[in-house]
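Q: This is the structure I have questions about; it appears just below.
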Amino acid sequence: VLSSTDKSNVKAAWDKVGGNVGEYGAEALERMFLSFPTTKTYFPHFDLAHGSSQVKAHGKKVGDALTNAVGHIDDLPGALSALSDLHAYKLRVDPVNFKLLSHCLLVTLASHLPSDFTPAVHASLDKFLASVSTVLTSKYR
């Protein structure tokens, strides 16, 4: 459960991300594909090369979905319901992949926002991404 401090930390950190949301999302995807090659199997139709327009476009989708989640931090299930349906019923993404992408997002944010990425902010973002992952996998059960 996200505390009020966690929510404040997440919102403040996401404000710092700002207009870089698509870039950071794409970078996190690239990190995931390089670090966890099995995740590539969900994107057989993508050009997964560095700087690929398809990875950039999907990175923006990821970033925009997280921006929506931050904006609806008190109702993540409502905000992410359609995305949960898509990933569970149509795409059938293995739930572990959300954890892998979350880790890569944390690494990406830490590399771009080092002075803002305090232990408290790190913990809050980790809890937030875990909450998002839980919602996205809730319809698998």
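Cβ coordinates are placed from backbone N, Cα and C, and glycine is handled just like the others.
Per Swiss-Prot, the features are:
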DOMAIN    1-141  domain 'Globin'
MOD_RES   S3  phosphoserine
MOD_RES   K7  N6-succinyllysine
MOD_RES   K11  N6-succinyllysine
MOD_RES   K16  N6-succinyllysine
MOD_RES   K16  N6-acetyllysine
MOD_RES   Y24  phosphotyrosine
MOD_RES   S35  phosphoserine
MOD_RES   K40  N6-succinyllysine
BINDING   H58  O2 binding site
BINDING   H87  heme b binding site
MOD_RES   S102  phosphoserine
MOD_RES   T108  phosphothreonine
MOD_RES   S124  phosphoserine
MOD_RES   S131  phosphoserine
MOD_RES   T134  phosphothreonine
MOD_RES   T137  phosphothreonine
MOD_RES   S138  phosphoserine
Q: Between the recorded positions K16, H58, where is the Cβ count within 10 Å the lowest?
A: K16
Q: Grab the pLDDT values for the domain 'Globin' (1-141) and give me their mean, rounded.
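A: Reported value for the domain 'Globin' (1-141) is a mean pLDDT of 94.
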Q: Between C-alpha atoms, which of these modified residues comes nearest to S124 (phosphoserine): K7, S102, T137, S138?
A: K7
Q: Any idea what the Cα distance is from K16 (N6-succinyllysine) over to S35 (phosphoserine), rounded to a whole Å?
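A: Roughly 26 Å, rounded to the nearest whole number.
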Q: Among the modified residues S35, S102, S131, T134, whose Cβ has the fewest other Cβ atoms within 10 Å?
A: S35
Q: Could you give me three numbers for the domain 'Globin' (1-141), the DSSP helix, strand and coil residue counts?
A: 111 helix, 0 strand, 30 coil
Q: Out of K7, S102, T134, which of these modified residues is nearest H87 (heme b binding site) by C-alpha distance?
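A: Going through K7, S102, T134 one by one, the closest to H87 (heme b binding site) is T134.
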Q: What residue among the modified residues S3, T108, S138 has the most other CB atoms lying within 10 A of its CB?
A: T108
Q: Which residues does T137 (phosphothreonine) neighbour through Cβ under 8 Å, counting only same-chain ones at least six apart?
A: S84, H87, A88, P95, F98
Q: Could you state the whole-number distance in Å separating the C-alpha atoms of K7 (N6-succinyllysine) and S138 (phosphoserine)?
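A: Answer for this pair: 21 Å between alpha carbons.
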Q: Compare the C-alpha of K40 (N6-succinyllysine) with the C-alpha of each of the modified residues S3, K11, S102, and give the closest one.
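A: Ranked by Cα distance from K40 (N6-succinyllysine), first place goes to S102.
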Q: When you put the residue listed as 'phosphotyrosine' at the centre and draw a 10 Å sphere around its Cα, which of the recorded positions H58, S102, T108, S131, S138 have their Cα inside it?
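A: Neighbours among recorded positions, in sequence order: T108.
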